[in-house]
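Asker: Mind having a look at this structure? Questions to follow.
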Amino acid sequence: MVAIKEMKEFAFARPSLVETLNKKKKFLKKKEKRTFVLSIYAFITFIIFCIGILYFTNKSSAHNNNNNKNEHSLKKEEIELLRVLLEKYKKQKDGILNESSNEEDEEKYTLNSETYNNKNNVSNIKNDSIKSKKEEYINLERILLEKYKKFINENNEENRKELSNILHKLLEINKLILREEKDDKKVYLINDNYDEKGALEIGMNEEMKYKKEDPINNIKYASKFFKFMKEHNKVYKNIDEQMRKFEIFKINYISIKNHNKLNKNAMYKKKVNQFSDYSEEELKEYFKTLLHVPNHMIEKYSKPFENHLKDNILISEFYTNGKRNEKDIFSKVPEILDYREKGIVHEPKDQGLCGSCWAFASVGNIESVFAKKNKNILSFSEQEVVDCSKDNFGCDGGHPFYSFLYVLQNELCLGDEYKYKAKDDMFCLNYRCKRKVSLSSIGAVKENQLILALNEVGPLSVNVGVNNDFVAYSEGVYNGTCSEELNHSVLLVGYGQVEKTKLNYNNKIQTYNTKENSNQPDDNIIYYWIIKNSWSKKWGENGFMRLSRNKNGDNVFCGIGEEVFYPIL
């Protein structure tokens, strides 16, 4: 009986088959529902993702199209600067227009009197038509300026295209005004001879006055200034500093333009570069005077060039008792030497805002001498001598001699083991380097030994006097002005010559037929040095400069030859 009772209780306790199936069915329905919901969520997420991709793609495409269609597309900070410009020059422009109208009224009165008394009326009618065109341009300029100011004050993204269109119209009007003013250009004559210097100075002063006061030109130069800022990654603290830099840039830009246009005797051209927003005072601050090297240090650690190579045949032939004789050195050495063509000169590097030119000149010299000796060009560390050479002042200046002295006493790391930062580091990290190069001594060269030293040793570290004329160099043979003080170090990598009529401006390595030039009188030949700078490949002729010299290379132009050293491996 008990067993039967337990079996009944067990039977009642077990769930029926129907209940089990119902539970399973409910579970499956929940699972299907969850799967469906997840699928819906996934589908919605996919749709949102696709919409986002399309949106950003279209936005990017539209932005690129706008940039392609209009290279003068304005940004908010550009609009802000233009607003300040317009406000600043508003009164000046009104004054110019009033003066212009008064002058035109006086001229009209004079012309009317002349017309009444003069039989030749054709020229007067022509002058009246020119003035009426100029008045029309000025009135149109006023209207456009007012419209431009209206859009600038709104300062939103939607007006960018319209702002840019107006800017283009303003620039076109400005060109028309300048074209009309060419009819009134002056010719500067002294004793019936064209005075180029006078024309350059007077023309420069007149154009500077006009450009400085005319708001249309300031808008045009603002556009060029924005392009300059973008190309050279210029960032200023605030609008006041930006305006100050803009004024400096504008003056430098006009100076560059006038040099290229008016200075016909110059053998070189200028261009805008990373220094175009530097004032003369700022350049002096950046290019500090190089450290002085006392004579006792030179005597203690360096070897005179003639003593270093005293057994050399050329030394004995062209130097008597340590002094240069009168023999023509070019009877034994080539008239053109360019170590770039021999593959032992690295491409110019960029020292940045750090005053480390001395490090780049000396380390570049070690690289070239090492490559000349070992047939293998390596890159060594400028940053190491900036951080570790205690005789130098890091980014605050130095001298190639002290850089060589450091390597003589400590060796030098490879560049990839001690990378350049363009700033001083508190610690010297040369202990991390595995491979180093060492020097045995330092060579010293006199100004009348440069040609021979280049041929026998290789590239040389030299110092020059840099000013605002020098830094704006673009191409050609530089024969401009230089600073009296030596404030910059470069690497002398060769020399050359070219017939004046064949001097051309380009950024490629130039070679010339020396046999042709040898038949030319000296007055018809331009002699030059080839120097490697440390202001990047964008400066000068792919980072290099051709600098004027005399035939024997001993005229010390721009200071080349005063302090010359080289590493002895």
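Glycine is no exception: its Cβ is also placed from the backbone N, Cα and C atoms.
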Asker: Which one is it, C357, C388, C433, that Swiss-Prot ties to C413 with a disulfide?
Answerer: C433
Asker: With reference to Swiss-Prot, which of the candidate residues C357, C388, C395 participates in the disulphide bond with C354?
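Answerer: That would be C395, the partner Swiss-Prot lists for C354.
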Asker: Swiss-Prot annotation: C388 disulfide-bonded to which of C357, C428?
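Answerer: Checking Swiss-Prot: disulfide partner of C388 resolves to C428.
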Asker: Got a sec? Which of these recorded positions, C357, C395, C428, has the most Cβ atoms within 10 Å?
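Answerer: By the 10 Å Cβ neighbour count, C357 comes out on top.
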Asker: Sort out the sequence-distant neighbours of C354 (disulfide bond) for me: same chain, 6+ apart, CB within less than 8 Å of its CB, listed by position.
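Answerer: Spatial neighbours, sequence-distant, of C354 (disulfide bond): V386, G394, C395, A422, K423, D424.
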Asker: So for H488 (active site), how many other CB atoms are inside 10 Å of its CB?
Answerer: 29
Asker: Compared by Cα position, which of the recorded positions C357, N479, C482, N533, C558 is the closest one to C433 (disulfide bond)?
Answerer: C357
Asker: Measuring CA to CA, name the entry from the recorded positions C357, C413, N479, H488, N533 that ends up nearest C388 (disulfide bond).
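Answerer: Result: the closest of the recorded positions to C388 (disulfide bond) is C413.
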Asker: If you count other C-beta atoms within 10 angstroms, which of the recorded positions N479, N487, N533 is the most crowded?
Answerer: N533
Asker: I want to verify one value. Collapsing DSSP to three states, which class is C413 (disulfide bond)?
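Answerer: Going by the DSSP assignment, C413 (disulfide bond) falls within a strand, counted as strand.
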Asker: Using Cα coordinates, what distance in whole Å links C428 (disulfide bond) and C413 (disulfide bond)?
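Answerer: C428 (disulfide bond) and C413 (disulfide bond) have their Cα atoms 12 Å apart.
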